[in-house]
Amino acid sequence: MEEEAKQEFTKDGSVDLRGRPAVAARTGRWKACSFLVGYEAFERMAFYGVAANLVVYLTTELREETVSSVRNVNNWTGSVWMTPIAGAYIADAFLGRFWTFTVSSLIYLTFHYRFSLKSSVSPETSALLPLDGLYMLAWDFMTSRLQRCTPDGACAPATRSQVAFFYAALYTMAIGAGGTKPNISTFGADQFDDFDARESRTKASFFNWWMFSSFTGGLVAVLVLVYVQENVGWGVGYAIPTAGLALSLLLFYVGTPFYRHKPVRRGAAAGPARLVGRVFRAAFANRRRQLHGDQLHEHDAAWYAAAGTKRRLHHTRGYRFLDKAALPAAAAEAEACTVTEVEEVKLITGMIVVWLTTLVPCTIWAQVNTLFVKQGTTLDRTVGGVRIPAASLGSFITISMLLSIPVYDRVLVPLASRRTGEPRGITLLQRLGVGSALQVAAVACACLVELRRMRAIRAASATAAHDTVPMSIFWMLPQYILIGVGDVFSSVGILEFFYEQSPQGMQSLGTTFFTSGLGVGNFFNSLLVTTVDRATRGGGAGKSWIGDNLNDSHLDYYYAFLLLLAVINLAVFVWVATRYEYKKEYLSDGGDVVAGMASRETEMAGGGKGKVVERSKVIDAPLVVVEEVRAV
């Protein structure tokens with residue numbers, strides 16, 4: 001009976017919201033994830049409802065120049081993807097994922113609401129919104145001067161106060177997103193027990209279907225919302241995603257009774273920085289000592305089962321200079337790093353190297369909501385007598401993703417698994433490599449399309465800024481589709497890679513490798529656009545590659561430059577991937593790990609008066625084990 005009672009609980013130490021052991025049959029798995037997947041669809045609709053057409057809003061409503069608007073969109077998008085670093089740290093070290101998400105989502109929703117108001121409110125409608133008080137009065141004062149246009153259609157740029165007010169709300173949304181983005185997908189993965197074989201296999205599909213829901217929300221945004229923004233009104237177009245965000249939060253909290261939570265490792269409040277510093281200092285201190293014949297310090301499985309805070313890792317051969325940190329300490333009072341601690345630092349180091357190779361692909365993705373949209377505005381966008389928004393072409397990225405994910409998950413993975421024996425079909429880095437190669441093809445396609453657009457401009461003499469180039473916007477379809485299919489491999493692969501390869505207890509921070517890569521990619525694109533514009537403008541005497549008038553610029557040169565960067569980056573990625581060593585954990589090691597954790601909890605509940613036997617293992621270079629038993 002006692003054994004059956006133990007099996008009712010999860011084996012990985014998950015708890016419910018009140019801190020009690022989570023009952024496996026009642027919590028987690030797809031029962032809980034269905035609410036999270038629903039949240040993601042509505043939240044992505046809200047996010048892309050703002051991001052997808054923001055460059056058009058800045059150039060048409062705030063009257064910003066092309067380079068300035070691209071730079072501002074990249075900087076904001078970069079901030080949205082960088083703030084998760086702080087949100088992940090707070091979650092892993094202090095509040096946990098659920099409560100960090102809760103606080104951040106309220107900030108996110110509040111300023112999403114205010115952003116939609118700033119895009120729509122006029123003095124005539126402010127009386128309908130009395131709850132915003134002084135905020136509305138201030139915005140009424142500023143909007144009374146917005147869009148100062150002459151009868152011939154020339155409009156003055158927005159004032160400095162209007163721009164400051166606009167970007168204040170925009171960047172506060174980025175702060176709120178910082179606590180939601182890194183924690184919600186990781187929280188979803190937490191609903192599967194790694195120590196349960198069936199649930200562990202199911203988790204391999206979770207990230208595919210998580211991204212499927214994300215793409216569905218994005219599809220609604222680029223198909224419906226951008227059309228509403230340009231043809232009905234910006235206020236209505238931004239109010240709809242705000243309502244969607246509120247609905248997504250309601251859906252999230254309905255599922256609260258079914259969620260599993262990972263206990264917060266309070267001792268890890270210093271985070272990876274202290275661990276990395278400790279291991280590197282120890283390795284440097286032992287730099288003159290020889291590894292051959294020396295023994296490396298490690299605890300055994302019983303110690304990890306009793307501690308219950310991390311999993312023991314296998315020793316690997318990469319970054320061998322760090323192994324010296326696990327050499328027995330020379331001073332009696334000093335304590336050597338364990339092999340697991342060294343391996344955790346190796347994982348972080350390896351993840352950083354892989355992360356660096358994802359920056360160029362993230363820079364390529366930054367073109368979708370900036371230069372791709374501006375390029376599309378110059379082309380013939382008429383379909384059946386209806387003029388479609390240029391940003392709507394982004395829906396084909398989403399459609400290609402939605403079609404490709406089921407094919408990948410249900411067809412390609414089983415076929416590849418039978419050939420390779422790999423549960424995922426191909427390894428995580430092979431998946432990233434395929435995605436990077438497809439992105440190279442997408443940039444090459446964009447460059448070829450731009451060359452054809454330039455020929456059409458010369459043939460029709462359509463060099464004026466507002467001339468429509470006699471070329472259908474659907475010539476851009478291949479580059480969108482290639483990016484969409486590539487994202488099934490790269491975006492999903494990056495998210496899964498950084499989650500799976502993160503040390504135990506650092507998964508939220510590991511997920512920020514994915515988000516920060518997108519952030520740095522946007523900042524890098526902003527830097528590239530600004531630098532290229534200044535370099536090619538030549539002090540005002542030359543013709544910019546990315547001028548305000550794209551019909552009289554050389555966007556093809558810029559795409560060729562991006563193509564060169566992408567090819568070089570792909571070569572570097574292949575070199576890094578062939579040398580990467582994946583994380584290897586002891587999920588069980590000659591004993592019942594769950595029983596060890598339960599014994600520890602029972603002993604602590606009983607006052608902790610009994611002795612805890614801590615077993616340390618000392619491991620030499622060929623991993624010969626010598627046991628040393630100490631009573632604590």
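Every residue gets a Cβ built from N, Cα and C, even glycine.
Record note: among 325-345, 388-408, 430-450, 388-408 is the stretch given as transmembrane segment by TrEMBL.
When the ranges 20-39, 120-139, 480-499 are checked against TrEMBL, the one recorded as transmembrane segment is 480-499. Annotation: stretch 388-408 has the most Cβ pairs under 8 Å to the transmembrane segment (480-499), among 207-228, 388-408, 557-577.
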